[in-house]
Amino acid sequence: MTEGNFVDYVKIHVFSGKGGKGSAHLHREKYITKGGPDGGDGGRGGHVILKGSKNLWTLFHLKFKRHVKAEHGGNGSKQRSSGSQGSDEYIDVPLGTVIRDTETNEIIKEITEDGQEFIVAEGGMGGRGNWHFKSSTNQTPRYAQPGVDGQQIDVTLELKVLADVGLVGFPNAGKSTLLSVITAAKPKIANYEFTTLKPNLGIVEYRDFKTFVVADIPGIIEGAAEGKGLGHRFLRHIERNSTLLFLIPSDARDIKKQYDILLDELKRYNPELMDKDRLVAISKSDLLDEELKAEMAKELDKELQLPYIFISSVAQSGLTELKDKLWQMLNREPV
């Protein structure tokens, strides 16, 4: 998937189908001059339905599909024949899609399961045929109901990636490299900021065929909560993660300060993110000798007051312990 193909935000206008008209037909047959009403009902208009698909990872297929329209219901006809029901229009979306009313910005629904369906615009009911209106005082009603108009609504679809662990760090912290060595993912890796322009997902194969999903969230910079850098576009993906893994390089000028800045950005974006489990991974630990690592650990024990681990993606050290800690946190086991 190329960067341009990762689309996590689209606006579309949906129209459900109008209900078909009821028929005002009067029965006509040879030798029967005063046949009664036999007009059939109109068919229901088609719904517009959003459906979750585990085979989609992006909203790219909707990037150029700004209008979605369902079929109108068929009109009723003689002999009480009902009109055909309008075909429903399905819109497949990836799991983790949030549906908002564009006008009010209100969340209407979230699609989180494969096959989950949600009617975003209901088709109009078909009108009733004239036979429904026959009475003792009106044996031949010539009135039939028109079909009910379909619904129209502007909706905004936002994708929030579904993953167990979210990798959080400044640009160029080595998140993509870590993801590539603990999973089979192949993210773009280069030594410049914002290499990652989309969340990359990787599946960690743990012991006894157990697995969990890690998402490499594009680099956060100071001010991201106000929209700087890649801003809100990617911060929302973190909302889905149950555990946050902060990646800070060992050669950072001040590890505690970097952690505090990252945490503050998340807090300002959404205070509820503070309820998530957190683990700090000190990367590039292959640059440290044992004496320096021990000295750094002593400082971190005082300052961080949360679990941390030294790792090296290049030397592939500390990675088994990292997987163990993440698995324990995901399953609420003592770390």
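One-based numbering along the chain as shown.
Yeah, the Cβs are placed from backbone N, Cα and C, and that goes for glycine too.
According to its DSSP assignment, GLY169 (GTP binding site) is coil. Other C-beta atoms found within 10 angstroms of the C-beta of GLY169 (GTP binding site) number 26, with every protein chain shown included. Per Swiss-Prot, the feature GTP binding site maps to 169-176, 194-198, 216-219, 283-286, 312-314; the stated evidence is sequence analysis.
Under the three-state DSSP scheme, SER176 (Mg(2+) binding site) falls in the helix class. Per Swiss-Prot, Mg(2+) binding site is recorded for SER176, THR196.
Among residues of the same chain six or more beyond the compositional bias 'Low complexity' (77-87), those with a C-beta under 8 A of the stretch's C-beta atoms are 17-18, 20-21, 23, 25, 27, 38-46, 70-71, 123, 126, 129, 131. Swiss-Prot lists 77-87 with the feature compositional bias 'Low complexity'.
Sequence annotations record features per position, and here Swiss-Prot assigns domain 'Obg' to 4-162. Over the domain 'Obg' (4-162), the average per-residue pLDDT in this prediction is 91.
Look at Swiss-Prot and you will find 163-331 tagged as domain 'OBG-type G', backed by sequence analysis.
The region 'Disordered' annotation in Swiss-Prot covers 70-90.
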| Counting each residue once, how many in the region 'Disordered' (70-90) are helix, strand and coil under DSSP? | 0 helix, 4 strand, 17 coil
| message | Can you tell me the CA-to-CA distance separating PRO218 (GTP binding site) and SER176 (Mg(2+) binding site), as a whole number of Å? | response | 9
| request: Counting other Cβ atoms within 10 Å, pick out the least crowded of the binding-site residues ASN172, SER176. | output: ASN172
| remark: Under a three-state DSSP reduction, the secondary structure at LYS284 (GTP binding site) is coil
| note | Candidates LYS175, LYS284 (binding-site residues); min other-Cβ count within 10 Å returns LYS284
